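Student: The active site feature in Swiss-Prot is assigned to 7, 67, 140; the stated evidence is sequence analysis. Under the heading Mg(2+) 1 binding site, Swiss-Prot lists 7, 140. Under the heading Mg(2+) 2 binding site, Swiss-Prot lists 67.
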């Protein structure tokens, strides 16, 4: 099973692609889709749509995973995340991919085992679970990988 996770944003969208096979979880690819600060919102969202579509074409994942938008005190940030999430959902739908939206609590519980885990604890566990030398950067990438891990564990009943 190939799982692609996205941590959406209009400036930086982290992504991670994992494979769950008989030998466990393996990394296919991870990275960040970034847009220049001078681009308008329309251009940024169009670029994001094209890049997400390319990843879906290239890796043909079984499922697209994202985190449910949580309450954010900064309304502009929340709107930008929602716009990016909508573009990713549209790309997934056009590629006929299953879409799974996880809550922050689900991710924390499955990756760390503690519902009040910090961002640093989640990032550390991503590094350990995937046997990486370093924590993936930027943070958005580690978050996207955590979403993939959480989805896989959820499917296994962990």
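Going from the start of the chain as shown, residues are counted 1 onward.
Glycine is treated like the rest: Cβ placed from N, Cα and C.
The model shown is predicted, which means the values in this text are computed figures rather than measured ones.
Have a look at these and tell me how they're positioned relative to everything else.
Tutor: The 10 Å shell around the Cβ of residue 7 (active site) contains 25 further Cβ atoms across the protein chains shown.
DSSP classifies residue 67 (active site) as strand under the three-state reduction.
In sequence order, 7, 9, 12, 13, 14, 32 are the residues near residue 140 (active site), counting only same-chain partners six or more apart with C-beta under 8 A.
In three-state terms derived from DSSP, residue 140 (active site) belongs to a helical segment.
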